[in-house]
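Below: one structure, written as C-alpha cells.
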C-alpha cells in the first residue's frame, strides 16, 4: 500500500487542476494517469465510492459526502463529424493507406453558432473485444437485474459496460448489448430523442419499477458512430490508456450528472404542482435552467413556486432529467422533460398497384431547396437539391428519356386512365419524359400534376405512356413545406406576392425547424453578401405604411424620446405619431391580458431567427425580433421599437396573443435610427467616453427635440441635430456642436497606470497558472480525444480536448448573457492583456496581440486558436467567473513528419483530413513556452471513424509528399 502522505500529495496535485472539486471517477482516472496505480483503499473508507473529494485551502484532501451524483460524462461532437475518437494503441511503424482523392461536393450551408455541439452515443466504451463469442446469458441477465435494482430510475446503456466491469470484475459481452432489447422480462431499452442526437436508456420493466425514463434534449442519426481502433497487429504500449470515451449528450456530460437522479423520500409534489411543472417542461424540449423556474412559474400561473422545489431538485426527478453542466456550481442545473413511452400501433395500408415510397426529409438541419410553387405559405411546393434528391431525379430523367425514346407503343388506353394513376408524359417543348399523376379525366385530354416539379397542366391523351415499375422506385420529389411565423397570414396577397418575387427561379436554403408531413422551415437567400431571411421580409409586408413615423428634411420634431445610444454612435429615437400611440395602446392591453391568463400557452418553445414575439423592457412587454440563436437556450434579440439589442434566455420570451397579433404586426417599427450630423468622426469610430457622455445627456430625458438634416437611404439612417431644449433649434446650440468642441473623440493612448500594470501582472500570472494546470497529466504516449478547431498545415494546428468541451459551451452561453447586458466602459487596452472580445455574435476569451491606431484590436482566441480583428468597443474585462475553465486551444504539430516548408497542396490535403473533425491525438512530446498559449504539442492524429481501418494522418501526408516528389 502506498504511503499515506504520498497519496495525499498526489491527490492534492490533481485537485489543484480542478479548482471547484471533481468527481471520484475523474479523480481515479487522473490519479492512474499520473502515478500508474489505482487510488489505495485508505483514509478510513472501505470502498472508493465513499470518497468523493474536494480541496481545502491548505491543500489537504477532504471528504465531501454531498457529491453523490458523480459519473464520467463527455462532451458532444460537431454536427459534421458525429463520432468520438477512441484509441488503445499507436502503431509506431508506417501504415500505408493509399492516396485519397479530395472532391468538395458540399453545397453552401447557413453558418451556425460555433458553440453549438450535437451529442451522440458510442457503443465502444468498455465492450469486450471478442465479437459474437458465446456467453452465459442467464448469468448476465442476473447481473443486469442486480444493477437495475441499484439504478431503479434508469441507466444509460453507454455506462453499463463500465459499471458491469466494476461490479463483477469481467467485461460485459458484446452480444449481450445487442440482446438487451429482447430481454423485456427484466429490462426495457429506449432511444431518447430531442433535436440532434440520441442515447439509449436501460430501465427495469414496469413489473419491478414504475419510474419513467430519462430524456436527453438531443437527437442523433444512427450513422457516423465512432468505433474502437482496429488492432491490425498493433501492440498497446505499456501504461498507455485513453480517457473514457463514452460520449453523451451535452446535458449528461458533466461529472455530477452521471445517471438519473433518484427520487427523494419522503417529500413529494402535489398533483397540481406536477401538472404545472410538466406543462412548463414540455414547452422547452431542449432544456430549462432550474434558476428560471421561480420567475417563469410566477409569470405563467400568477403564484409563487414553493421554495422547497429548488432546494431539493431531486423532487423533480420523476418529471425530468436533472443535469449539472458546471460541477463547480451545483445551483446551476438544467431540467429536461422525460420521454413518454407509447405503444405504437401498426398502421395497415391498403395495397396499391402503384406503390411509391415516401420522400424522406434530409437529416441535416438545413438543406438547399428549389421553390416550385407558392399560392399559400402553409403549402409551399419545393424540391430538395443534392445527392439522393435532384441528382437522383436527373439520373432517372435521363433513363426515362432513353427508355421511352426507343418505344412508341406503350401509350395508356383510355379505359385504364383514372384519377390518381401515375403515368409518364412526353413534354414536347423540353424533349423530356416526366412523371405525372392524373387529377382529372376529360374526353380527349387529361389534367395532370407533375409529381417531381409541382405544377399542373392539361395535356392530350396521346402524350401519356404507361409508367414502368422501375420508375416508381424514386419518391415523388415535389413536396410541401410551410413558412415559420407566417402561419396566420398564409394567404395574404401582399405576402404571397413578395414571396414569389424573392423565390422565383432561385435555390434557397431551408432551415428545418420541425419535421413531419409538412416541415416547418425558415428560408434564406444566400446569393447576396448578407443572408436574407425570406420569412422575415415577407412578414414586413403586413405593415401599414400610414402608421410609420413621418419624417421630412429640415423639419423639427418635439417630444422626442431617445431610447438608446449605441457604441458606434447611432441613436434610436421615438417620435409622437399615430403608430406610436396605437402600439402603446395594444401593448397595454396585452399587459392586462397576460395578468388575466393562467396558462403556459404563450411561452415560446420554438425560437427561430426572424421570429417576432415579446420580451420585457424596463418592466413592460415590448416587441422583439430574434436575430441569432446560441444553442437551444440563449438567443440574441432586438427590441424593434427601442433599438436596443440584448441576449436573453428563451424562457424570457412570450408569444403575441392571437387576439392582438394582426393589429400589432401592422404597426411598423417605432424606433428611428439616427446619427448626429456635422461631426468630424464617422459612425463606428466613437470612443467609449463620447458614447457615455451622450447617454448621460439624452437617455431617459423627455425634453429632447430634433431637426432632420438629410437622409442616407443606403445606410438606413436619418442625420439630425439633437437638442435638449424645445425652443431653441439653432445648430450652434445642439448637442452635435457641444460634442465637437470637446476632446471626447480623441483616441485614448495605450497607457497602463502603475496600479493597472500590477493588476495586469496578477492576471497574467493567474492565467498562466490555470493554463499550466490544463496539461498536468500530459505525458508521452498518452491518448486524448480531441477536436481540431484550426488546421493551417501539419506544422501548425490547434486542438481542443473533448473532456471539457461542454463546459466551454456552457461558459460561452454565460458570457453572452453577461456581456450583452453590460454596457461598455472606457478600457485601456494593451498588448498581451487577456480580455473578453465579441467576435461576430459570440464572446471569446482572447489575448491582445496588438492595438491599431484606427481603434481596431488584433486578438487571438485562446479557446479556438483563431486570430481576429475586432473594434476596441467590443473588448471587455474578463471577469473571474470566466477564468475558471483552462484555455482550451492547444497548439500542436504532427508527429512522424520532418519539419519543412509545407506546400499549399499539402496544406489543403491536411486540412481536408483534420479540420473541424473529432480525432485521437497521441502525445509524442511537449515543448514548453513562456506562457501556456506558447506551449506546443507534438502528436500523432488518428481517425477511427471508418469501420474497416484506422487512418493515421502522418502516413497519408508522408505518402502524399512522396507522390509529389516523384511527379515529373
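A Cβ is built for glycine as well, from the same backbone N, Cα and C atoms used for every other residue.
Annotation comment: TrEMBL describes 207-227 as compositional bias 'Polar residues'.
Taken from TrEMBL, the feature compositional bias 'Low complexity' applies to 228-259.
Residues annotated as domain 'HTH OST-type' in TrEMBL: 136-206 (among others). Here the domain 'HTH OST-type' (136-206) is broken down by DSSP into helix, strand and coil counts: 35 helix, 14 strand, 22 coil.
For the domain 'HTH OST-type' (269-339), the predicted model reports an average pLDDT of 85. According to TrEMBL, the feature domain 'HTH OST-type' maps to 269-339 (among others).
For 416-474, the entry in TrEMBL reads domain 'Tudor'. Counting residues of the domain 'Tudor' (416-474) by DSSP class, helix then strand then coil, yields 8 helix, 30 strand, 21 coil.
As annotated by TrEMBL, region 'Disordered' applies to 207-270.
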For this session: Over the span of the domain 'HTH OST-type' (269-339), count residues by DSSP class, listing helix, strand and coil in order.
Result: 34 helix, 10 strand, 27 coil
